[in-house]
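S.K.: Take this structure first; my questions come after.
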Amino acid sequence: MRVPAQILASEGLLDAIIKDRSLNQLVNVATLPGIKKASMVMPDVHEGYGFPIGGVAAMDYPEGVISPGGIGYDINCGVQLLASQLQIKDNRDAVEALSKELHAHVPAGMGKGGTIKLTTEQLDEVLAEGANWAVNHGYGTRESLSYMESHGKLNDADPAFVSTMAKNRGLDQLGTIGSGNHFVEVDFVEKTYNNTIAKTYGLQKGQIVLLIHTGSRGLGHQVATDHIRKMMMAMSHYGINVPDRELTCVPFNSKEGQEYFKAMCAAANFAWCNRQIISWEVKNAWENIFGKEGGDLRLLYDVAHNIAKIEMHTIEGTSRKVIVHRKGATRAFGPGFKELPPEYKGVGQPVIIPGSMGTCSYVLAGTSKSHEMTFGSCCHGAGRRLSRSAAKRQANAPVLKEKLREQGIFVEAGSFRGIAEEAPIAYKDVGSVVDVVSASGIAKKVAKLKPVAVIKG
DNA sequence: ATGTAC
């Protein structure tokens, strides 16, 4: 190990953490060339490809390594939160119709294409421009870009390093959520914890909000597959040995490192464009149900939780440039961060933490403590405690769907398999996860969101 | 997560 391993958890959460390989993986990551300070995991950690999901690793720029396993196959998987002007108490009766309308507007499910069919030239524009492409083509407003991490676009993207196969997979996938834990969810604000920040973000008790959780679909997956294969062949050339082949990596400033990074940025841009177009479709569905009385759906914020970023961080008293890998970890920058829209600058970045299906989600605010402790990062969700296959064995999807309906939560899902894999028993308690990050000081609790409808793949 | 392993 070149650096220590750092675990953020409570005693209760450790039980689930020690059952899988996530701590071995945490230790493995600590061996990677150029890693600074510590190999870190958040309380929602679980086993992933090479790196644990819920992990943060910062490498020296530009000699340290970049590793696709530290980002994940779903490049720029992330969450967007939309705030409405309606209260749940006045609109309970409309929820079922709204969930059906959302389902009709947002294709969900494995391999599902959408209504937008891009030409290869247009796809290259999307890869270079991110959410800007959506806005330039009538999907949303320009001011919404200020409310997205990195303004919905990474400038280092280069479509030339995205393979034809990856591009072909993406041609009809804009505006689709995919499967697994991806969803569109209707929630209401059950509770606020910090009234000043809640007010700054425009959140109040009883308000209806919407969450969109998806990423770069088959395109991002293919980018990861292609570059992992190339890196595996190149790694020995750079004299790098890793304890697990899934940790394949090359120096950031190497040919293969640069090609992967530029392709990863392009896939991240595809994901931001995707969430922006889904957001536009969600607004169409909303308008169809509520008409003009429905009011505006305002983009509160959009965060990435599977990404690598070049950032400045203070390490042993010195400010240095690092390659921060966040895999199942959300950026959580504190007050004063210049990228934030002016009205959020005093309170820190919104950190959006989706819980498991039918439980609840949280909005937090980044703090300066996160810069000291976790390279400006926080957890990203509840975190699995059961594998997909174990969840399928233990969950009874039809019964679960009916149970959630009795609790006032409509689930629109493409398959019972999807529901079983995402059953709440397959996940840790998101409240306990959020309490750990809140107690550690890396983020502040702002609001708790309760679902009333979930659209899944 | 993913046209569910090349």
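Along the chain as shown, residues are numbered 1 onward.
Each Cβ is built from the backbone N, Cα and C atoms, and glycine gets one as well.
No curator has checked TrEMBL annotations; they are predicted automatically.
Note that this is a predicted model, so its numbers are computed, not measured.
Features from TrEMBL:
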- A:D74, A:H182: Mn(2+) 1 binding site (BINDING)
- A:181-185, A:305-306, A:354-357, A:S361, A:380-383, A:K456: GMP binding site (BINDING)
- A:H213, A:H305: Mn(2+) 2 binding site (BINDING)
- A:H380: active site, GMP-histidine intermediate (ACT_SITE)
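Could you place the listed features in the three-dimensional structure?
M.R.: A:H182 (Mn(2+) 1 binding site) falls within neither a helix nor a strand when secondary structure is assigned with DSSP, and so counts as coil. Taking a C-beta cut-off of under 8 Å and a sequence gap of six or more, A:H182 (Mn(2+) 1 binding site) has these contacts in its own chain: A:C77, A:A108, A:H213, A:T214, A:G215, A:K456, A:G457.
In this structure, A:H380 (GMP binding site) belongs to neither helix nor strand by DSSP; it is coil.
Counting Cβ atoms from all protein chains shown, A:H213 (Mn(2+) 2 binding site) has 25 others lying within 10 Å of its own Cβ.
Take the CB of A:H380 (GMP binding site) and look out to 10 A: across all protein chains shown you find 27 other CB atoms.
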S.K.: Which one is it, among the binding-site residues A:D74, A:N181, A:V184, that lies nearest to A:H305 (Mn(2+) 2 binding site) by Cα separation?
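M.R.: Out of the listed candidates, the nearest Cα belongs to A:D74.
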S.K.: State the count of C-beta atoms found within 10 angstroms of the C-beta of A:S356 (GMP binding site), not counting that atom itself.
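M.R.: There are 22 such Cβ atoms around A:S356 (GMP binding site).
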S.K.: What's the most sparsely packed of the binding-site residues A:N181, A:N306, counting other C-beta atoms within 10 A?
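M.R.: Each of the binding-site residues A:N181, A:N306 was scored by Cβ atoms within 10 Å; lowest is A:N181.
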S.K.: So how many other Cβ atoms are close to A:G383 (GMP binding site), meaning within 10 Å of its Cβ?
M.R.: 26
S.K.: How big is the gap, in Å, between the Cα of A:D74 (Mn(2+) 1 binding site) and that of A:H380 (GMP binding site), rounded to a whole number?
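M.R.: That comes out at 14 Å between the alpha carbons.
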S.K.: Including all protein chains shown, what's the count of other C-beta atoms within 10 A of the C-beta of A:H305 (Mn(2+) 2 binding site)?
M.R.: 30
